[in-house]
Each structure stands twice: as C-alpha cells, then as structure tokens.
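Asker: Quick paste from Swiss-Prot:
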{"type": "ACT_SITE", "residues": "Tyr166", "note": "active site, proton donor"}
{"type": "ACT_SITE", "residues": "Tyr166", "note": "active site, proton acceptor"}
{"type": "ACT_SITE", "residues": "Lys170", "note": "active site, lowers pKa of active site Tyr"}
{"type": "BINDING", "residues": "Thr57, Asp78, Asn106, Tyr166, Lys170, Val199, Thr201", "note": "NADP(+) binding site"}
Amino acid sequence: MKLSAIWESKNGLRGSGTCSHRRVSTPDIQSPDCGEGGIGHALALDFKNQGYVVFTTLLAHEPRDHLTDLGIHSFTADVTKDSDIEQLKEAISSLTEGSLSVLVNNAGICYTMTAIDTDVKEVEKMFGVNVFGPMRMVHIFHPLLIKARGKIVNIGSELTDFEASYNATKAALHHWGNTLRVEMKPLGVEVVNVISGEVGTNILKRDHNRKLPEDSFYRPLEKEFMNHVTRTPRTTTPAEYSRSVVIEVMKQHSTAWFWTGASSGIVRFSEQFFPRTLWVNSL
C-alpha cells in the first residue's frame with residue numbers, strides 16, 4: 001500500500017511553508033505502481049517536477065530509495081488499516097497546516113479469473129484494497145480536503161476479459177465516486193473519475209502463475225488466459241499516463257470523467273454510441 005501527498009503554495013513559493021497553501025495528496029494503495037516504473041511512481045515524479053513537495057507511503061518491506069533520493073518523503077503505512085491512516089493524516093496535517101487540495105485514490109491490486117471460477121476470498125481481499133481503501137482515505141482525510149476546497153481523484157479502469165472481479169471493484173469505485181461528487185459539491189470539493197486505458201505497468205505480476213482450475217469450463221481457452229495474465233502491456237507508458245492526469249488535476253476545474261490511456265478513446269466512443277452487448281463476442 002502506498003500513498004503520495006503533494007503540496008505547494010498558491011503564491012508560487014512551492015514548499016515554502018507559507019500560510020496560503022495548495023496541497024495535493026496522491027494515494028497509491030497496495031499497488032506496485034509506487035515502485036519504479038509504475039503509475040504511482042510516475043505521478044510522484046511529475047508532481048515533483050512541477051515543484052511540489054511529495055510525501056509517499058509504502059509498506060515496511062518495500063524499497064524507497066528511488067523516491068527519497070529525489071527528495072520525495074516516505075511514510076510507512078497500510079491503507080487497509082484505520083490506525084495507520086489516522087496516524088498518516090496527523091503526520092501530513094502537521095506538515096501541511098491541516099489542509100489538502102487533492103486526494104488521488106489509485107487502488108492497484110488485480111485478481112485475474114473468470115467469473116464462475118472465482119475464489120471469493122481473493123475478491124474480498126481485492127475489494128478491501130481497491131474499494132474500501134479509497135473509502136477509508138476519503139473518510140479520514142475529508143476535513144483536510146474541505147478546508148482546502150480541494151479535489152478527490154479516483155483512478156478507475158476500463159473493462160477487460162477475464163477480470164470480472166477486478167472490473168467489479170472499479171465499477172464500485174466509479175459509482176461511489178459519482179455519488180460522492182454530488183455530496184461533496186456543497187462542501188466545495190470536486191470529485192474526478194479517471195477512466196484508464198491499458199498502461200504498461202507490472203500490476204499483473206502477482207497473476208503470472210495463475211491458471212484456470214482443472215475442471216473449468218474455460219479450459220479450451222487456457223492459452224488465451226495465460227497470454228492475458230503473462231502479457232506485458234506495451235501501450236501507454238506510466239510517464240505518458242501520469243502527464244495527462246497531472247495536467248487535468250492541475251486545472252482550476254477538472255473533468256468529472258477523464259478518459260486517458262491506450263484504447264480509452266475508442267472504448268469511450270463505443271460505450272456512447274454502440275449497444276452494451278458490443279463486447280459479448282470478444283472471447
């Protein structure tokens with residue numbers, strides 16, 4: 001579990017410690033993306049390159065030299081634990097004068113399996129990170145966001161084959177974000193859903209050895225399944241993806257639904273102008 005927090009002052013003296021601050025927090029929750037080459041790492045670098053002071057959190061066993069060597073601060077925290085995030089909030093609040101202008105929820109674990117072959121315990125674990133993690137972050141950090149009249153950015157995803165449960169976590173995040181947007185508007189906080197196309201990260205690494213059950217009805221598709229879980233996406237890079245997200249987040253008013261990443265344009269077009277059953281014959 002990883003979280004990045006970024007802040008700068010409104011008067012351009014970034015990280016100056018003045019009274020008028022614009023602060024950004026980017027949680028990268030239980031994801032490889034804050035490791036080198038991932039989305040979280042790219043976001044931290046992009047905000048850093050914009051002159052922000054960046055705070056990140058990782059699990060105790062995770063290396064952080066690639067962040068701290070660049071002046072990016074690092075905390076140890078597990079964002080599935082209330083106590084860890086409460087402590088994190090107090091630590092960040094003490095450094096940012098109690099306000100935060102953007103919280104980016106980038107849930108990141110994946111469980112690849114056909115819907116009818118799913119191990120529900122794995123799905124519960126994934127929901128704990130991908131859905132309940134962002135909920136916990138917003139619940140605990142909302143006073144800082146309201147004080148700053150800030151933004152909440154939820155990193156979502158397009159649908160993909162063999163990912164019914166992962167798709168469900170992202171659908172939950174999208175719809176929760178839609179309701180959250182309505183509820184936070186009177187409090188002066190914007191909510192942005194980022195709908196991500198495929199990005200070249202190692203999120204599938206934990207699934208590389210996953211196989212279909214021996215008694216699965218999908219055994220004839222074993223080759224296609226293995227190609228899916230072992231592939232290395234060579235499409236949008238984390239750096240390209242991050243740049244587009246950071247540019248959108250830094251706007252005075254961000255788009256409610258922001259599509260970015262490989263194939264996001266064609267998927268968005270298809271969802272708007274074609275029947276929902278368009279993808280039924282994709283396998």
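Keep in mind that glycine also has a Cβ here, set from the backbone N, Cα and C atoms.
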Asker: Would you say which of the recorded positions Thr57, Lys170 has the most Cβ atoms within 10 Å of its own Cβ?
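Answerer: Result for the most crowded candidate: Thr57.
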Asker: Give the number of CB atoms, excluding that of Thr201 (NADP(+) binding site) itself, located within 10 Å of its CB.
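Answerer: The answer is 24 other Cβ atoms.
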Asker: Across all the protein chains here, work out how many other Cβ atoms are within 10 Å of the Cβ of Tyr166 (active site, proton donor).
Answerer: 23
Asker: Roughly how many Å lie between the Cα atoms of Asn106 (NADP(+) binding site) and the residue listed as 'active site, lowers pKa of active site Tyr', rounded to a whole value?
Answerer: 11
Asker: Please state whether DSSP places Thr57 (NADP(+) binding site) in a helix, a strand or coil.
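Answerer: Assignment for Thr57 (NADP(+) binding site) reads strand.
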Asker: Could you state the whole-number distance in Å separating the C-alpha atoms of Thr201 (NADP(+) binding site) and Tyr166 (active site, proton donor)?
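Answerer: Approximately 16 Å lies between the Cα of Thr201 (NADP(+) binding site) and that of Tyr166 (active site, proton donor).
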Asker: What whole-number value in Å do you get for the largest C-alpha pair distance within Thr57, Asp78, Asn106, Tyr166, Lys170, Val199, Thr201, the residues recorded as binding NADP(+)?
Answerer: 25
